[in-house]
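The transmembrane segment annotation in TrEMBL covers A:55-78, A:90-111, A:123-143, A:163-182, A:216-236, A:242-263, A:275-297.
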Amino acid sequence: MTVAVVLMALFGSAWLLAVIEGWTTTGRLSLAAPVLSGLAHLGRESIVPRSPDRVFFEAAPVLLLVVAVLGAAVLPLAPDLIIADLGTGALFINAALAYVLVALIMAGWGPDGAYAMIGGWRFLGQLIAYSMLIVMPITAVAMRAESLVNTAIVGSQAGLWNIVYQPLGFVLFFIAAMALAFRAPFDLPIAAGELAGGVDAEYTGVRLAVLRLARLTLVVTLASATTVFFLGGWHGPLLPPWAWSLIKTLAVAMSMLLAGRYLPRIREADLMRWCWTLGIPLALVNIIIVGLLVLVVP
Amino acid sequence: MYAQAFFVAVFGLAAIGFGVVVFRTSSMVRSALALLFSQTAVGCMFLAMQTEFLGVLQIMMMATEMSIMAIFMVMFMMDPGGLGGMDMSHQKRFSIGAGVSAAVIAIAVALLSDWGPAADQVPDAAAQTRALGMELLGRSMLIFETAGITILTAMIAATAVAIPVQNPASKNDTEASE
């Protein structure tokens with residue numbers, strides 16, 4: 001039952017995001033548009049390139065979807081609404097999301113196309129930039145909760161959300177999460193207009209439908225992770241806990257989409273430089289500040 | 001108990017299977033990712049043996065490590081896609097001998113060692129993580145810190161070697177050659 005509810009919330013949020021994304025780009029609000037577009041993909045021919053690495057080509061979209069769902073499986077919507085409340089939940093989500101890279105390398109290498117391959121390897125460079133900014137803010141969050149259990153992390157924010165307790169960590173994690181979800185301005189592996197779609201370029205029909213669904217689901221998973229780690233999870237007045245989780249998750253996901261619409265795409269070298277020369281020192285400062293706060297403030 | 005043994009065996013066989021694929025393919029990316037899935041299967045063995053932290057850590061670390069290895073293999077091998085029909089194997093007899101003897105030794109150690117009685121109860125995942133943390137920051141701290149500093153030194157040295165020499169003389173040479 002819990003599994004069904006969480007999956008419905010996940011894919012329902014992904015659908016809502018697609019509706020809003022369509023609304024902001026075309027100006028027309030259509031609730032059926034994402035579903036119709038998905039059905040249209042199913043009806044189209046799903047072309048296989050001439051000499052693909054067939055295993056990678058077929059596995060990549062499915063793997064991307066699976067890791068997004070696995071990541072969501074350890075994030076609580078409410079105190080008892082979580083698929084698996086692992087003892088190492090905060091670490092597990094890192095492990096699951098590390099396979100986003102593997103999926104994109106497979107999607108890049110699989111079709112035997114130049115643009116796709118550049119897109120896939122670009123994401124490897126992107127990971128070198130953002131990965132520390134995912135791990136280090138989560139470390140500081142776990143330090144405050146003194147636990148890697150995600151429900152305990154939400155519990156530790158009952159009095160004060162982490163966005164107030166460690167705002168620096170929130171900013172870094174939010175930016176890194178956008179880079180992990182390869183949304184604009186960090187959409188280097190896709191890079192429409194420059195790489196002709198990158199890792200998306202060679203996918204058509206049902207495979208493209210799975211890939212797009214996986215991308216949207218990944219955004220929702222990362223927004224949910226931001227909510228759990230920094231926005232107090234299910235905490236909030238009046239409404240039931242699951243409603244607060246959903247509202248916050250959708251708000252974070254929409255702010256990610258919105259930020260992407262108004263920022264130009266970043267260059268890979270600049271992303272790398274800023275992440276390493278500015279981001280990582282700031283993340284270390286955040287860990288030190290949180291360490292001091294944990295020790296000094298009762 | 002039997003279910004646990006079953007899953008340990010399944011993931012163990014998967015690890016060996018993917019390990020064989022590493023050497024059966026000529027594509028460098030397939031080879032690297034086969035090694036990744038072999039290591040992921042080892043991580044799943046840890047999970048089946050109820051060592052959650054180690055399992056999740058193994059699964060997480062290997063994803064990035066093997067992907068980075070893949071791009072280096074693509075960069076440095078002459079036939080990264082394996083489509084050119086180039087034979088990249090060498091010293092076959094020696095490798096077969098070394099592989100078989102290593103396998104025999106490993107199996108002998110597994111069968112002949114006295115492993116002691118199997119634990120009936122294991123601490124839960126959170127308690128294990130705590131115990132591991134105490135171990136890493138207690139008795140084993142010196143070992144891990146030494147290893148960490150060694151790796152850091154190697155990384156700095158490798159970066160230093162990779163950066164072109166920037167002294168005025170060589171700069172003039174570069175400009176002259178351009």
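Yeah, the Cβs are placed from backbone N, Cα and C, and that goes for glycine too.
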Residues of the parent chain within Cβ reach of the transmembrane segment (A:216-236), under 8 Å, 6 or more residues beyond its termini:
10-11, 13-14, 17-18, 64-65, 67-69, 71-72, 75-79, 90, 93, 97, 100, 137-138, 141, 150, 153-154, 157-158, 161-163, 166, 169-170, 173-174, 177-178, 180-181, 183, 242, 244-245, 247-250, 252-253, 256-257
Interface present between the transmembrane segment (A:275-297) and the transmembrane segment (A:55-78) (three or more C-beta pairs under 8 A):
no
Beyond the flanks of the transmembrane segment (A:163-182) by at least 6 residues, Cβ under 8 Å:
97, 100, 104, 123, 126, 129-131, 133-134, 136-138, 140-141, 144, 157, 188-190, 215, 218-219, 222-223, 225-226, 229-232, 252, 256, 259-260, 271, 275, 279, 282-283, 285-286, 289-290, 293
Near the transmembrane segment (A:275-297), which residues from the same chain, at least 6 beyond its ends, have a CB less than 8 A from one of its CBs?
129-130, 132-133, 136-137, 139-140, 143-144, 146, 165-166, 168-169, 172, 175-176
